[in-house]
Amino acid sequence: MRISLKWLSEYVDLPAPEELARRLTAVGFEIEAVERTGAELKGVVAARIAASEPHPNAEKLSVTRVDAGGGEPLQVVCGAKNYRVGDVVPLATVGAELPGGARISKAKLRGVESFGMLCSARELGLSADASGLLILPPGTVPGTPIGEALDLDDVLLEVNVTPNRPDALSHVGIAREVAALLGQKVRLPKPGLVEGGGAAADAVKVRIEAPEKCARYAARVVEGVKIGPSPAWLARRLERCGIRSISNVVDATNYVLLELGHPLHAFDLDEVAGHEIVVRTARPGERITTLDGKDRALEPDDLLIADRDRGSALAGVMGGGDSEISAGTTRVLLESAWFAPSGVRRTSRRHGLKSEASYRFERGADPGMVIPALDRCAALIAGLSGGTVRAGVVDAQARKVASPEVRMRWDRPAQVLGMPVSREDARRILLSLGFEERASDGDAVSFGVPSWRVDVSIEEDLVEEIVRTLGYDAIPETLPGPAVRTPAESAEAQAVARARAALEAAGFSEAVNFSFVAARDLEPLAGGLAADGIALRNPISADLAVMRTSLVPSLLRNAAHNRRQRVEDVRLYEIARAYGPRAAGTPGDAPSHEATEVAGVLLGRRSPVGWAVGGDVADFHDAKAAVQGLLEALGVEAAWAAPGPGWLHPRTSAALRAPGGAALGELGELHPRVAEAFELPRGVLAFRLSLDALLAAARLVPQYRPIPRLPAVLRDVAVVVEDAVTAAAVEALVREEPLVEAVILFDVYKGAPLPAGRKNLALAITYRAPDRTLTDAEADAAHGRIVARLRERVGAELRG
């Protein structure tokens, strides 16, 4: 919004432009630019033509002598013919630079010296008229700077008005803010309306058929108008604010729009069929040609200003071409109304049509400005066009748009702002902004909100008005009282963070998937995982139709997608919720439940091929190592038992259980039918763990163990056992020896010369006593007891 300070100064006394810009920015109206006009015409003054005679050497030129207010007349050669001796015209003196870039210098034209240039409006950058010299008003004093003579000197502010403050989209709106800041009263413009002739109600009728979209529609009639150009002062004001001058009547509506902020529209009354205005919604198939020349198909939601036969305007957006003001207009119907913002907004967007009127109506016009703006504009049209305003207003009011009343506790500003605010200051500020003090009960007061403030509805809005006017910089800088404490991280959050770190350290990348999958993705996993997912009522697509009962299907689809993109080595994990029907006997009333899972998929090579590394394919032990690292990160002890559930291969899978027997999850190679269903090769490994079960068995708080100060004794043992004997069972028997500190399985071997059905397990055992240094004899005795225990319990044979 462009604001002219010369125009604004008619309503309120102003400080220096820079100070005004600073103060307005501080209260929420950011000043994006400050532009000074008239300065570009420095060196151009008013000059009276004292004499003129033909050029001795050029028929089309004249030699004039002009009085520029500096004593001796100046000789200027001129080519224009539209002047007479005694006229006052603009003179660009020697040294002046015109807007087009031309610098004036002393010159000799066809043998005659010229000391300047007499200018047209085009040469001054004021208009496109280059037909002759710009003739100034007769009383203009020679030597007056042209900016002053033509009222060109001004300062323009480019104000960024936020969408919640439509009341500030006018000069009077900004004047209200300035007056409140400076402790002044606004000098509102007086309509100066003089009525005559017959009654307006005899010339036009108004009817509202859509009260929910139009609360009020008022009209005046001006007769005997003569359409013509606007006076220079009015045209200049409009142009400075970015609006092109059209004619005196149309310019009057735009002038009041910029002055008071209320949109108006002028119709040619003789083009209004039946001299009747009907405010209604569009009928099926109805069309209208708007002022921009476009024929538009209307929707039933569009609000029309219609006459007896057809639509004449899109209400609050743009007028129609059938009833626009033309050169032959003699009777004007002037409209002032209040339209519902939502309806104007929808119509404007639907038709891609933006106007100064729609910009204001869709943000919320002032219902209290309907009649004042109408009277002001009618008086202006009558004065500019020589017309007569018929008596009275044709006013149709379908409903009243009431302004709210807001109650404020006197101590509320101090509570919100953290600084003391006296009752006197709060009352003074709100009254200066147009609020009306009403009922008071000692501790609180009610204020009536002015009709133009559509953004104020609650107590905090009043507090905002107070602090805006006081200045945000008045709020003292204070440090917070109590120390800020970081909330303790939940056990689940700690477990998730540790699980992520452990899996990423093992080379896995995190995947993030939808919680929805295709129903067909659950069917192959029926052995061990719920196959009946919760169906969505409105799925995104058939491939995302049910809630996933496990994270595994999503990860298998990720792996298949990577393979299609020629990515053969894949390690992915996901930590998220899975959903399924609630099992019978479980607590809760909901028919479904959700639980957090940790799942992963692994396929391809164990590590990238390099000069020192081969291309070994990852197997069950790689997946187990990753899961084991996760368990250790959470402090979970788990027992491994083969085989795993049915969706895993029976020979290369295992189920995990906590020491108390609670199920933790499973790990292993995909069953061939599952791999085939997801278009994956054999050998793909996957794991699924319940985070809730892991949390129940976890030791997230580290247990202190002192660094051993006594040396350990290391022994290796290799035993041959049946295939059915698990390494975990052997390890558990070894740990029964009190002096054993650690056991590591470092080799498993099957094949010749071992007989079929047997395997070799090699373990590294660490012995240590907490209170003494072990002797070799003590270590050998413990080692012997372990071998005997293995031979007795699992039929192990010591391999030499």
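From the backbone N, Cα and C atoms, a Cβ is placed for every residue, glycine too.
Keep in mind the model is a prediction, meaning the values are calculated, not measured.
Residues annotated as Mg(2+) binding site in Swiss-Prot: Asp455, Asp461, Glu464, Glu465. The domain 'tRNA-binding' annotation in Swiss-Prot covers 38-147. Under the heading domain 'B5', Swiss-Prot lists 401-477. If you look up Swiss-Prot, you'll see 708-799 marked as domain 'FDX-ACB'.
Within 8 Å of the Cβ centroid of the Mg(2+) site, not counting the listed residues Asp455, Asp461, Glu464, Glu465, the chain contributes Arg453, Val456, Glu460, Leu462, Val463, Arg468. Here the binding-site residues are Asp455, Asp461, Glu464, Glu465, and the one with the most other Cβ atoms within 10 Å of its Cβ is Glu465.
Mapped onto DSSP classes, the domain 'tRNA-binding' (38-147) shows 5 helix, 43 strand, 62 coil. Counting residues per DSSP class in helix, strand and coil order gives 28 helix, 32 strand, 32 coil for the domain 'FDX-ACB' (708-799).
Using DSSP to sort the residues of the domain 'B5' (401-477) gives these counts of helix, strand and coil: 31 helix, 15 strand, 31 coil.
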